[in-house]
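The next block holds one structure in the form of structure tokens; read it before the comments.
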Amino acid sequence: MVNPTTSEVHPTMGVKIFSAGVAACLADIITFPLDTAKVRLQIQGEGQISSTIRYKGVLGTITTLAKTEGLPKLYSGLPAGIQRQISFASLRIGLYDTVQEYFSSGKETPPTLGNRISAGLMTGGVAVFIGQPTEVVKVRLQAQSHLHGIKPRYTGTYNAYRIIATTESFSTLWKGTTPNLLRNVIINCVELVTYDLMKGALVNNQILADDVPCHLLSAFVAGFCTTFLASPADVVKTRFINSLPGQYPSVPSCAMTMLTKEGPTAFFKGFVPSFLRLASWNVIMFVCFEQLKKELSKSRQTVDCTT
């Protein structure tokens, strides 16, 4: 992101995909409790979790979960989350530069905003379709409660895949693809384009060098913009994916039920943990991604020089 100078090593597509996958997995492991808190806040009010448990704020939700269901609950669904990043983030982030270059091929000028958005749309759309089953399982495991004699729907990650496919249908593993596609198209375009533009502005105007402080600031700004614009689609996606069979006939029905029963603010439930999670996830992921790309490219150049 931001074209390297002629003196810099151009990372290959394989290096970008691998770096994105590893960086995203690391970011997920560190920020996963925030994601679990976000999911619980987003589904609060629809009646599946006992009304005696109320989650208030980020720290309140994390503390309540730890006290009532145990610390491991904060990481329930992590294996599916890691699988999601391997199949999803590695593609949407790792392929972004390559697809952007394809749309800009034959032009001497830097990629236009249209090129960047087109690349974000394409990589985000493909990644969502491939990674959707992991998203469904992750959300289901994060949402299920063990309180007050409620029997868990799933005992683990692979049990969840099997139960969903056999008791609901194989296609249920792609449940919520539409709102998730909308959410991730927004995220991919806003996150990657904002990060790219912010980083380019800082580097090209010589405000910051293309190094860790620049990556930190760019990632933080991208995280805020992305969270604000993607929140409504994110809440609807979580509600629809976690819903029982027949609870919502369609995605629009889910959105309308939320609007009529809980009001427009329901679309921003879990905004604070969502922002904290996405901003911190972005910072960790982009910093690790940039450093991994550099180091792997240098290693590759060293190997090439010695052979």
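One is the number of the first residue shown, and numbering goes on along the chain from there.
Cβ coordinates are placed from backbone N, Cα and C, and glycine is handled just like the others.
Residues or ranges marked as repeat 'Solcar 2' by Swiss-Prot: 111-201. In the repeat 'Solcar 2' (111-201), helix, strand and coil residues by DSSP number 73 helix, 0 strand, 18 coil.
The repeat 'Solcar 3' annotation in Swiss-Prot covers 210-295. Residues of the repeat 'Solcar 3' (210-295) grouped by DSSP class, helix first, strand second and coil last, total 73 helix, 0 strand, 13 coil.
Look at Swiss-Prot and you will find 2-10 (among others) tagged as topological domain 'Mitochondrial intermembrane'.
Feature annotation from Swiss-Prot assigns topological domain 'Mitochondrial matrix' to 33-73 (among others). Taken through DSSP, the topological domain 'Mitochondrial matrix' (33-73) splits into 26 helix, 0 strand, 15 coil.
Annotation comment: Swiss-Prot describes 97-116 (among others) as topological domain 'Mitochondrial intermembrane', evidence class similarity to another entry.
The topological domain 'Mitochondrial matrix' annotation in Swiss-Prot covers 134-178 (among others) and rests on similarity to another entry. Averaged across the topological domain 'Mitochondrial matrix' (134-178), pLDDT in this predicted model comes to 89.
Per Swiss-Prot, topological domain 'Mitochondrial intermembrane' is recorded for 196-212 (among others). Proximity of distant same-chain residues to the topological domain 'Mitochondrial intermembrane' (196-212), defined by a Cβ-Cβ separation under 8 Å and at least 6 residues beyond the stretch ends, is recorded for 1-2, 110, 113, 116, 218, 221-222, 287, 291.
Feature annotation from Swiss-Prot assigns topological domain 'Mitochondrial matrix' to 233-266 (among others).
According to Swiss-Prot, the feature topological domain 'Mitochondrial intermembrane' maps to 290-307 (among others).
For 11-32 (among others), the entry in Swiss-Prot reads transmembrane segment.
Positions annotated as transmembrane segment by Swiss-Prot: 74-96 (among others). Within its own chain, the transmembrane segment (74-96) is flanked in space by residues 1, 13, 16-21, 23-25, 27-29, 32-33, 35-37, 62, 65-66, 119-120, 123-124, 126-128, 130-131, 134-135, 137-142, 144, 157, 160, 184, 188, 192, 285, 289, which lie at least six positions past its ends and keep a Cβ under 8 Å from the stretch.
Look at Swiss-Prot and you will find 117-133 (among others) tagged as transmembrane segment, backed by sequence analysis.
Under the heading transmembrane segment, Swiss-Prot lists 179-195 (among others).
Sequence annotations record features per position, and here Swiss-Prot assigns transmembrane segment to 213-232 (among others) based on sequence analysis. The list of residues near the transmembrane segment (213-232) in space but at least 6 beyond its ends in sequence, with Cβ under 8 angstroms from a Cβ of it, reads 183, 186-187, 190-192, 194-195, 198-199, 202-203, 267-268, 270-271, 274-275, 278-283, 285-287, 290.
Only residues 6 or more beyond the boundaries of the transmembrane segment (267-289), in the same chain, are considered here, and those with a CB under 8 A from a CB of the stretch are 19-20, 22-24, 26-28, 30-31, 34-35, 37-42, 44-45, 57-58, 61, 89, 93, 191, 195, 212, 215-216, 218-220, 222-224, 226-228, 231-232, 234-236, 255, 258-259. Feature annotation from Swiss-Prot assigns transmembrane segment to 267-289 (among others).
Below 8 angstroms of C-beta separation, residues 84, 87-89, 91-93, 95-97, 99-100, 102-103, 111, 161, 173-174, 176-177, 180-181, 184-185, 187-189, 192-193 of the same chain, each at least six residues beyond the ends of the transmembrane segment (117-133), sit close to that stretch.
Within the chain carrying the topological domain 'Mitochondrial matrix' (134-178), a Cβ under 8 angstroms from the stretch's Cβ atoms is held by residues 35-36, 39-40, 43, 48-50, 52-53, 68-69, 73, 76-77, 79-81, 83-84, 87-88, 128, 237-238, 240-242, 245, 251, all 6 or more beyond its ends. Sequence-distant contacts of the topological domain 'Mitochondrial matrix' (233-266) (same chain, at least 6 residues past either end, Cβ-Cβ under 8 Å): 39, 42-43, 45-46, 48, 135-136, 139-140, 143, 168, 175-176, 178-180, 182-183, 186, 274.
Tertiary proximity for the topological domain 'Mitochondrial intermembrane' (97-116) is limited to same-chain residues at least six positions away from its ends with a CB under 8 Å from its CB atoms, namely 1, 3, 13, 16, 122-123, 189, 192-193, 196-197, 200. Cβ atoms under 8 Å from those of the topological domain 'Mitochondrial matrix' (33-73) belong to residues 81, 139, 142-143, 145-148, 150, 234-235, 238-239, 242-244, 261-262, 266, 269-270, 272-274, 276-277, 280 of the same chain, restricted to positions at least 6 beyond its ends.
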